[in-house]
Each structure stands twice: as C-alpha cells, then as structure tokens.
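*Asks:* Input: one structure, supplied below.
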Amino acid sequence: MASLLQDRLPINQDVLLMQKGTLMRKVRSKIWKRLRYFRLQQDCMTVWHARQAGGKAKPSFSISDVETVRKGDESELLRSLAEEFPLEQGFTVVFHGRRSNLDLVANSPEEAQTWMQGLQILVDFVTNMDQQERLDQYRQDGARWLSDWFQRGDKNQDGRMNFQEVQRLLHLMNVEMDQEYAFQLFQAADGSHSDTLEAKEFTEFYKALTKRTEVQELFENFSADGQKLTLLEFVDFLREEQKEGDHAPDLALELIDCYEPSESGKLRHVLSMDGFLGYLCSKDGDIFKPTYLPIYQDMTQPLNHYYINSSHNTYLVGDQLCGQSSVEGYIRALKRGCRCLEVDIWDGPNGEPIVYHGHTLTTRIPFKEVVATVAQYAFQTSDYPVILSLENHCSWEQQEIMAQHLTEILGEQLLSTTLDGLLPTQLPSPEELRRKILVKGKKLKTLEEDLEEEEEEEELESESVEEQETELEPETEFETQRLSPRSMDKKEKKSTPIICPALSALVVYMKSVSFHSFTHSKEHYRFYELSSFSEAKAKRLIKEAGNEFVQHNAWQLSRVYPSGLRTDSSNYNPLEFWNVGCQMVAMNVQTAGLEMDIYDGLFRQNGGCGYVLKPDFLRDTQSSFHPERPISPFKTKMLLVQVISGQQLPKVDETKERAIVDPLVRVEIFGIRPDTSWQETNYVENNGFNPHWGQTLCFRVLVPELALLRFVVQDYNWTSRNDFVGQYTLPWTCMQQGYRHIHLLSKDGTSLHPASIFVYICIREDLEVDES
C-alpha cells in the first residue's frame with residue numbers, strides 16, 4: 001500500500017538503503033549483543049527485524065513511536081563497550097514514553113550514518129506535518145495497520161486468505177463473532193468468487209466488520225435525508241450535543257473543510273457520514289479540549305502559584321536499593337516535562353562528586369555528567385525554568401567542585417543572582433525565568449545579605465568558620481557530613497556542619513529550610529525559602545491543619561517526596577497534596593501505574609510545559625478552603641457519562657491466540673476525598689473489537705476544579721483481579737462535553753492506536769444539592 005511518506009518525501013538515498021535492509025548488532029547490555037537484520041518497509045513508516053536476511057520478520061518499531069536518534073557517543077551503554085565496538089558505528093533510537101532505548105551497532109560508520117540520517121529525516125517529516133497531512137497520515141496509519149494484520153493472517157504468504165485463515169485472524173484481532181455472520185461478510189467481500197480474499201477484498205470485509213452503527217444512528221438523528229448533514233444541521237449538532245455555544249457556526253465551517261473527504265461536499269458545506277466519523281475520531285472530537293493542549297494559561301504569576309512537574313531520585317531508572325543510576329533518568333524526566341529534578345551528591349573518587357542513592361547498591365554516575373546532561377536537555381521540551389534540587393552530602397572540597405561544574409557547564413543558563421540584581425518582594429514567574437536553571441539547596445545567608453555583600457564575596461570566603469557559623473540561621477540544618485580541614489577545631493565538642501560559600505551563592509530563589517510549624521514559617525521565613533515534607537508528614541499536616549497548609553502554599557513553595565520505605569520506587573497519589581496547593585509533588589517517574597496516570601493527566605495540559613496554574617482558591621493567602629471540609633462558593637456538579645462502545649481494544653496476552661478479552665469500562669474520579677469515587681459498566685463477553693455497552697454512569701462532584709477523570713478498560717476475570725487493557729486520564733477542566741472518543745494509552749503512557757472508547761459526556765449543576 002502506498003504511504004503518505006512515500007508520496008511526499010523527496011527521493012533520499014539513506015531511506016532507499018534502509019529499505020534494502022542492514023545486518024546490525026542489537027545491544028541490550030554488556031553481555032547481550034546479538035545480530036539482527038533491520039529493514040525499513042516500503043510504507044516508510046515501520047521498521048521490521050529478523051534474525052537474518054530473508055528470515056521470518058516481525059515489526060520492531062514505527063517511525064511515529066520514535067522521538068529522536070542519538071549518536072553512539074551519547075549512549076552510556078555503547079560508551080561502556082567502546083573498546084569492542086567503535087562509537088562511530090553505534091547509534092541509539094529513542095522512543096516516546098517509557099519504552100527502552102534501542103542501541104544498535106552497524107558494520108561501518110557509513111552504515112550507521114545512513115540509518116541515523118534516514119531515521120531522523122522520517123521522524124522530522126512526521127513531526128512537521130500540517131493538520132491535513134496528519135489527517136491523511138492518520139487514515140494511512142489505519143490502512144498500514146490493516147495491511148500488517150493481513151500479512152499476519154496470510155499464513156502461506158500467497159497474498160490471499162481463505163475463510164479458515166480469516167477466522168484465525170479474527171481471533172488474533174480480538175474478535176469473537178457468529179461463524180455464519182462472519183461467512184456472510186466474507187462472501188460479500190469475495191468479489192472474485194475465489195473463496196479467498198485478496199488485500200483489497202479484505203479491506204472491504206474489514207469495513208463491513210467495523211461499521212459503526214451507533215455513529216450511523218447519531219448521524220441520522222440530525223440528518224434530514226440520512227445521507228449528509230447540511231451546514232445548519234451540523235451547527236445544531238455542535239450546539240445541542242457538543243455544547244460548542246455561540247461559535248458553533250464558524251466551527252462547523254472549519255470542521256467540514258478539515259474532515260469532509262469529498263471536494264464537492266466541502267464546496268456545498270455539507271458533511272458526509274465518512275466526514276462525520278472522521279471528525280468524531282479526530283482531536284476535535286476528542287474528550288480533551290484541543291485549545292487546552294498548547295500553552296493557554298497565564299505564565300506571569302509567581303512560581304508558588306503553579307503546580308510544578310517534579311521528579312524524585314531522578315537518576316534512578318529502577319528501584320531504590322539495587323537499581324541503575326543513569327543520566328538517561330534525567331533525559332527521560334526532562335523529555336516528559338519534569339521541571340524539578342533531584343540530585344543526590346556524595347564524595348567520589350579522584351576528587352569528583354558522584355550521584356547515587358546513598359548507602360545502597362545503586363550504581364554511581366559522575367555529577368559533572370548529570371550537569372552536562374541537564375545543560376543539553378533542559379529546554380528541549382519546555383522553555384520554562386528547571387529546578388535542580390540538590391541533596392548535598394559532600395565534603396567542603398567536593399562542594400567547591402560541584403559549584404565549579406554548575407557554573408562552568410551551565411554558563412548563562414544558571415541563575416546565580418536575582419533577575420535585576422535587586423531585592424524582590426515575591427518569587428519571579430515562569431515567564432521571567434524562561435530558559436533558566438535554578439539551584440535549590442541549603443544557603444549560608446539570607447538573600448538580603450547576599451545582595452548587600454555581593455561585592456565582598458572574596459572577603460566572605462576567607463572569613464573564619466566561627467564567623468560563618470554565627471551567621472547561620474538557627475533553624476537551618478545542613479546535610480553536609482564533613483568539615484573542611486581548615487575549619488576543624490579539634491577541641492570543639494559539638495561542630496555544626498557547613499556548606500561552602502561558592503555553592504551557597506548559587507542558591508537564589510530556592511533556599512531549603514527545615515519546617516517546624518506553619519506559624520513558625522509565617523513569623524521567621526521569607527517567600528524564597530521552602531521546606532520539604534515526607535509523604536507521611538504532609539498527610540498528617542493535611543489532616544490536622546489543612547487550611548493552614550493551603551494558606552502556607554499560597555505564599556511559599558513546598559516539596560513533597562515519597563517515603564523511604566518505597567524501595568520498589570512505587571508512588572503515592574499526588575492529588576492529596578495538590579489539594580492543599582503543594583507545588584512540587586515529587587514522583588518516581590520511572591514507575592508506571594495509576595499514580596503516574598494521574599500525574600501525567602494533570603500535566604498533559606498547557607503545552608506539557610511542566611507548569612500548571614493552581615485554582616484561584618489555592619493562590620489566596622486568606623483562603624478558607626480546607627480539602628477535608630470544603631464549603632461554598634463551590635457548586636456541586638452532576639456528571640453523566642454514557643459509555644457507548646469500544647473500538648479495536650488490544651489483547652491482554654498476545655501469546656494466547658484464542659484468548660479474547662471480556663471488556664468493561666471503569667470510570668474513576670480523583671479529587672477531594674468526598675469526590676473520589678468510581679463506577680463501572682458490565683462486561684461484554686468475547687469482544688475486544690467493537691464491544692457495545694450503552695450504560696450511563698452518574699457522579700456528583702463538589703470541587704470540579706481539583707478533579708481528574710480516569711477512564712480504564714479492563715478485561716473481566718471472575719477468578720482474579722481484572723486485567724488492565726488501557727486508560728486515559730485528564731483534568732475535569734480540560735474535558736469536552738458531548739459525543740467524544742477517548743484514545744487509550746498503555747501502562748507506559750504510549751498510544752494504543754487505534755484502540756478507543758466512544759462516550760457521551762454531560763455536565764449539569766446539581767440544583768437539588770445546592771438548594772439544600
């Protein structure tokens with residue numbers, strides 16, 4: 001089948017060579033290094049691999065799954081094998097989501113360059129498509145997906161499938177259907193009367209199989225002749241069902257121009273059934289408001305007014321005890337929009353600080369490599385500021401090396417003084433701090449003293465330790481373990497750990513201080529000072545003084561981190577801490593699951609820039625809000641979710657050919673405690689292909705501004721827990737009403753295209769509750 005990329009890409013020698021195929025070494029570890037034959041398919045969108053040329057091939061990856069391609073010397077693994085494989089022969093394919101990188105070694109630098117350049121050309125082409133090209137490619141992705149299934153079903157590879165092969169394929173595609181009905185569809189599609197289906201005939205069979213009767217009925221409800229929607233009919237649909245309001249007439253014209261496949265339909269301003277379905281399956285028909293996907297919020301408010309995407313133990317790509325420490329952890333975190341990164345620094349060999357999880361068996365990485373990685377990747381996903389949360393356990397000498405690396409490697413990116421050199425009255429905004437890296441850590445002096453004495457920095461460093469210690473604020477506790485030999489007083493029974501002035505000076509708006517009480521913070525601390533809370537302590541404070549916590553977070557930053565008992569790198573539910581306005585709720589982002597679904601759901605909006613503006617009642621220092629006891633002016637909302645149907649749900653276990661899912665849909669709401677609830681549909685037996693539920697679920701929500709919805713498809717299992725199929729999570733405030741498709745994501749947060757569920761969403765004010 002012809003591909004959009006084939007049609008529009010200029011002839012490229014690298015792409016042509018990739019289509020011929022190349023034998024390369026796939027590298028997973030220092031031990032696992034195996035030869036595989038990789039070949040770009042004729043559609044220019046998929047790469048397949050086999051154990052040898054001409055061997056049985058299977059899909060390796062799609063171009064749309066690739067984020068970027070890196071040179072061999074940028075891979076930690078390939079660098080560790082540099083004596084065995086020259087770095088110029090290696091390269092790394094980096095994927096979206098949590099999918100592991102693919103490290104490959106070609107037979108020559110020229111072959112490596114061919115694949116690196118060719119892949120990057122294809123990735124750039126897909127990334128830079130305009131709206132119409134994306135729509136065309138979406139349709140061709142479906143055709144390619146169908147072509148892949150045809151190849152899998154055609155066991156003898158003769159370009160035809162008999163009915164037995166079609167039946168087997170239906171099982172592979174997660175379809176259980178009446179044999180007689182399937183045979184009727186088969187015969188109708190067999191235009192050649194050969195008792196087999198060729199590729200084009202199989203496409204017709206598939207179209208009959210996937211006919212969306214529920215969408216057809218909806219279309220006919222608004223179409224006078226059942227053949228088309230006139231402009232006025234489509235406007236009525238958008239206004240009445242989709243709740244598009246006054247801009248429905250203009251929107252209708254835009255949507256017809258975008259999704260109507262026939263030119264005559266566009267000219268007549270009418271929408272065919274195909275165009276109507278195209279709209280419903282598009283981003284405009286998605287449950288997520290398309291206007292909330294780019295940056296849409298006010299980015300000029302103080303930093304403490306935003307939720308900040310934050311990572312815990314960022315250097316780990318595994319568990320907390322024996323996991324691997326890697327700069328890849330920082331790359332992945334930054335690529336997914338994290339703006340606050342944690343760095344645990346300890347004394348290392350040869351005077352160089354190292355990063356790892358102290359007192360454990362986790363591997364170690366040089367601090368300077370972490371800083372260099374942050375410098376390279378900090379602003380590739382978002383221009384808004386990155387915060388380096390330093391957990392400093394180093395001696396005086398290695399702290400000075402830390403300061404040197406930060407200053408020299410980060411250069412102009414590093415914020416080392418206030419923006420205008422003057423004493424601020426509030427934290428700067430994300431907009432003011434664009435492309436700046438801030439250091440969070442302990443600080444010897446107040447910001448006021450630093451600004452007053454900036455010109456006397458050299459003199460300050462030569463002062464005695466006794467003078468430095470008298471300047472320390474009594475509430476400040478440093479985590480430094482050892483003193484400078486120059487400052488050790490052997491006769492002193494009790495010594496105070498110190499921090500070197502060079503490192504202290506790099507902390508500007510993010511001074512870490514110990515928390516004693518909300519009253520103490522209000523009386524003794526300044527707006528640029530912040531405290532960190534363990535999850536247990538934060539939960540206790542929410543329960544005991546929830547409103548004080550809200551008011552505290554309206555003027556000062558807070559960071560929450562997971563319990564040290566979470567050695568498996570599991571996560572807590574971040575919403576509990578967001579509900580009191582905590583800005584930096586740090587997560588083990590390497591661990592997929594419900595908690596990260598909620599986290600990713602919140603930060604999916606606003607361009608994925610890592611900053612989301614908190615609701616106004618969490619930005620008010622006089623706020624009366626308490627998440628455990630919310631009172632007016634909140635108006636209770638009623639949410640009606642009609643779960644209509646599902647489309648092409650994936651199999652839970654691909655290895656079990658005859659196992660077909662029994663899907664159900666679970667709708668979960670996460671918010672303040674009274675709002676947190678879930679309901680689910682009945683399960684549909686043996687149909688993951690086009691299940692129909694037609695059930696309505698009803699929820700009452702008191703504080704929708706803090707609510708997130710999670711739609712989960714599960715495979716019903718009466719003997720044990722239901723199996724996860726796919727999910728999608730989004731904030732209430734980003735949800736569109738009306739008939740909407742929800743495009744499902746995997747456990748790792750990557751697309752399960754073309755899997756989706758079709759729903760109807762309606763939000764009403766709960767007048768009965770408000771009047772009472």
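Any Cβ shown, glycine's included, is placed from N, Cα and C.
Just so you know, TrEMBL annotations never went through curation; they're auto-generated.
Residues or ranges marked as compositional bias 'Acidic residues' by TrEMBL: 449-478. Residues or ranges marked as domain 'PH' by TrEMBL: 16-124. As annotated by TrEMBL, domain 'EF-hand' applies to 141-176. Residues annotated as domain 'PI-PLC Y-box' in TrEMBL: 503-619. Annotated domain 'C2' per TrEMBL: 619-746, in sequence order. According to TrEMBL, the feature region 'Disordered' maps to 449-491.
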*Asks:* From the DSSP assignment alone, can you count helix, strand and coil residues within the domain 'C2' (619-746)?
*Replies:* 9 helix, 60 strand, 59 coil
*Asks:* Helix, strand, coil: count each for the residues of the domain 'PH' (16-124), based on DSSP.
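*Replies:* Result for the domain 'PH' (16-124), in helix, strand, coil order: 35 helix, 40 strand, 34 coil.
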*Asks:* Grab the pLDDT values for the domain 'EF-hand' (141-176) and give me their mean, rounded.
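*Replies:* Averaging the confidence scores along the domain 'EF-hand' (141-176) gives 73.
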